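Peer 1: Please read through the structure below; I'll follow up with questions.
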Amino acid sequence: MLTPTDEESDHQLLSLNYHVAESQDQKGGKHGDSGSTKTAEPHQHNLHHESTSHSNNVDNPNLSEMHCDTHTGKQPLKCDTFGKDFKYTSSLETNMRTHTGEEPFACKTCGRAFRNNGHLVIHMRRHTGEKSFACKSCGKAFRNNGHLVRHMRTHTGEESFACKSCGKAFRNNGHLARHMMTHTGEKPYSCKTCGKRFNQMSSLNSHMRTHTDEKAYSCKTCGKTFRFPSNLKHHIRCHTGEKPHSCNKCGKRFIQKSALNYHHTRTHTDERPYSCNKCGKGFIQKSALNRHIRIHTGEKPYSCKICEKGFTHESALNRHTRIHTGEKPYSCKICEKGFTHESALNRHTRIHTGEKPYSCKKCKKKFLRNSNLKSHMRTHTGEKLHHCSTEVPDIKE
């Protein structure tokens with residue numbers, strides 16, 4: 001049986017495989033989908049034998065194009081949208097489908113469509129259960145060679161693909177290609193509904209669920225539904241109490257790695273790598289900066305279906321919705337008091353544990369909440385936020 005994680009992983013790899021093929025085109029490397037190599041092996045074997053005859057090459061567009069290029073020395077093909085160069089017509093056509101949204105290769109079993117046949121071949125293995133690529137080190141089997149190659153690096157620790165801009169290393173060329181878009185700003189995948197652009201197909205598909213309101217993943221404990229399997233996985237930990245991510249500075253544990261990273265940067269460092277162009281305010285996470293920018297633009301893309309109140313980000317809408325439903329999914333294990341969101345539970349738990357994680361750098365006094373620390377800091381700075389607006393008249397004797 002396929003798990004949501006399997007589907008998500010396959011989908012991300014399909015998106016990455018395309019960029020690997022693009023990179024190979026531009027370097028004059030091998031052309032083709034790494035994941036479909038083994039399935040198409042008998043057919044390719046025949047082609048390699050027949051390729052000695054020029055007339056037989058017409059059955060394989062890639063071989064025919066490659067052969068013609070060696071004679072004509074013609075200039076590379078160029079994408080009219082982004083100006084990328086391609087060695088093969090088929091690669092240019094596949095690239096153009098990222099802009100047009102065309103997906104001519106459809107699965108006969110479930111109807112899902114793909115931009116090229118290689119992606120369809122990989123997808124079909126989900127239905128057949130075929131896993132013909134096995135790891136020689138541990139025996140684990142995979143549906144395509146790309147997954148196997150990526151897995152093998154967990155044994156070798158190899159990170160041989162380095163970014164020329166920042167030096168960061170990656171285990172495969174697909175991950176490097178995706179990373180490079182953070183430098184170039186390229187976002188080839190656009191939403192047909194709202195026009196928002198993304199640098200990965202998987203990100204676009206995730207975004208599309210905000211329009212369809214599709215929530216296919218449900219919690220077996222409380223029935224709550226989620227758009228993404230990762231969100232469900234994190235939610236289940238609210239019931240189990242599992243906190244697999246621990247801070248190496250203070251030992252505090254977290255449900256999600258992103259929460260750990262946020263805690264580490266916020267509590268143990270002063271780093272704020274993302275800053276607002278409007279007001280200069282710094283943020284630990286890019287997502288927090290994006291939410292903040294909506295304060296300046298006034299954008300509130302998330303609205304309550306019951307009272308139509310708008311919100312700048314989805315988590316605020318979810319918390320608000322609990323006002324209508326009365327849902328309190330987070331409960332204290334000591335006194336069983338319920339809370340609408342996790343941060344409120346965490347603050348409450350400190351009453352029982354006596355933990356005071358926020359300390360003043362001036363006098364080392366500790367506080368239960370960050371807001372209390374901020375109020376205390378004003379005793380050092382002398383800042384007075386609240387002024388009386390009423391004028392006191394002069395009293396004449």
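Positions of Cβ are set from backbone N, Cα and C atoms, glycine also.
Pulled these features from TrEMBL for this protein:
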| type | residues | note |
| --- | --- | --- |
| COMPBIAS | 23-33 | compositional bias 'Basic and acidic residues' |
| COMPBIAS | 40-52 | compositional bias 'Basic and acidic residues' |
| COMPBIAS | 53-63 | compositional bias 'Polar residues' |
| DOMAIN | 77-104 | domain 'C2H2-type' |
| DOMAIN | 105-132 | domain 'C2H2-type' |
| DOMAIN | 133-160 | domain 'C2H2-type' |
| DOMAIN | 161-188 | domain 'C2H2-type' |
| DOMAIN | 189-216 | domain 'C2H2-type' |
| DOMAIN | 217-244 | domain 'C2H2-type' |
| DOMAIN | 245-273 | domain 'C2H2-type' |
| DOMAIN | 274-301 | domain 'C2H2-type' |
| DOMAIN | 302-329 | domain 'C2H2-type' |
| DOMAIN | 330-357 | domain 'C2H2-type' |
| DOMAIN | 358-385 | domain 'C2H2-type' |
| REGION | 23-69 | region 'Disordered' |
Peer 1: Who are the chain neighbours of the domain 'C2H2-type' (330-357) in space, where the CB to CB distance is under 8 Å and they lie at least 6 residues beyond its ends?
Peer 2: 238, 241, 250, 252, 255, 267, 319, 322-323, 366-369
Peer 1: Would you report the average pLDDT that the model assigns to the domain 'C2H2-type' (358-385)?
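Peer 2: Result for the domain 'C2H2-type' (358-385): average pLDDT 85.
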Peer 1: For the domain 'C2H2-type' (330-357), DSSP counts of helix, strand and coil?
Peer 2: 12 helix, 4 strand, 12 coil
Peer 1: Give me the DSSP three-state residue breakdown of the domain 'C2H2-type' (161-188), ordered helix, strand, coil.
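Peer 2: Tallying H, G and I as helix, E and B as strand, the rest coil: 12 helix, 4 strand, 12 coil.
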